[in-house]
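*Asks:* Can you read through this structure? Questions will come right after.
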Amino acid sequence: MRRLFTSESVTEGHPDKICDQISDAILDEILKKDPYARVACETAVTTGLVLVMGEITTECYVDIPRIARDVIRDIGYTRAKYGFDADTCAVITSIDEQSPDIAMGVNKALEARRGELTDAEIEAIGAGDQGLMIGFACDETEELMPMPIMLAHKLARRLAEVRKNGTLSYLRPDGKTQVTVEYEEDRPVRVDSVVVSAQHAPEVDHDTIEKDIIEHVVNVIIPENMMDKNTKIFVNPTGRFVLGGPQADSGLTGRKIIVDTYGGYARHGGGAFSGKDPTKVDRSASYAARYVAKNIVAAGLAKKCEVQVAYAIGVATPLEVEINTFGTGKISDEKISEIVKKVFDLRPAAIIRDLDLRRPIYRQVAAYGHFGRHDLDLPWEKTDRVDILRKLAGI
């Protein structure tokens, strides 16, 4: 049976992604100075304005307006004619401390000792919120990710690359990509369509942009054996994309949660990642669930695996750890679930310890996906539990 599946990505200059990167850059700067800080940092952008708000409890000071301007500058909004630029935009901050009602559920242990935690202390550090988190992996790509989202991310990164290195100097920071992949018997067989929307200078005509993007972006990223004469390529299909970025659309942290994860191929628990310190299970448990799923697929226990974990606020042990291999498992899902509980400790403090999450590693994943990033050394992408999983599975 043949079917189509589509995923999209956005460039680092997309308004929502600007916000994600500012929120995570602030988080990183705080974690450099105070690894035990509590951070829930939200950003909004619109024409000429950045608003940073949230709850931050820390012993250190960081210059939030400077961080925001540095991110905007790095992305490429450096000229007033773009309608938004690092030097002239206003930055407003509204920061409170974390609610003591939330903190009491997370602070119970002797966490402030800064040392090794005993099992009792790990058990006493509850989840920072209720909720369900999803992790996923499949063997469609070398990154063990679904092909549509990986190709969409690579196209978006390539758009930024050719803009920044001068290959296509008329491009501007905002942009979106979309890839539709055709599957046969649940395996990707061809790319059915590609959509690239790239912000550009007003003086460049559409034919030039279309030709350049097909040559320097699409043909560089999409494997030749995945395209054929029927593959459809759309470049700026409206014909013009001059007005973009926060001047054209306001942006908010946490509005690209499907782009950040699996492109809609797997389910999503609903919680965003950026701007949240690792005591927030929205972030840390989603990373841990990906770590579990990736190791299961890498170990050959299944071709495809979705892991769902759920928590209650203030309670350390997950309420559930559910495994679904969609009929691709070498052993039953129930057996894999039992093995996972032996191999992985999914209590929040144990996740933070095992993945070493109290580090400034978050801005780098705030654009182009949090998973499948072979260009980065991310702890949740390691496949270091493969041998023990195989041993316990008897394969």
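Positions of Cβ are set from backbone N, Cα and C atoms, glycine also.
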*Asks:* Pick from 98-108, 109-119, 241-251, 263-273: which range has region 'Flexible loop' per Swiss-Prot?
*Replies:* 98-108
*Asks:* Please list residues from the chain of D249 (ATP binding site) whose Cβ is under 8 angstroms from its Cβ, counting only those at least six apart in sequence.
*Replies:* P15
*Asks:* Which residues in the same chain, at least 6 apart in sequence, have a Cβ under 8 Å from the Cβ of H14 (ATP binding site)?
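*Replies:* Expected: D174, G175, K176, G245, G251, K256.
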*Asks:* Reduce the DSSP letter at D16 (Mg(2+) binding site) to three states and note it down.
*Replies:* helix
*Asks:* Could you tell me which of these binding-site residues, R240, K280, has the fewest other Cβ atoms within 10 Å of its Cβ?
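*Replies:* Selected from the binding-site residues R240, K280 on minimum Cβ neighbours within 10 Å: R240.
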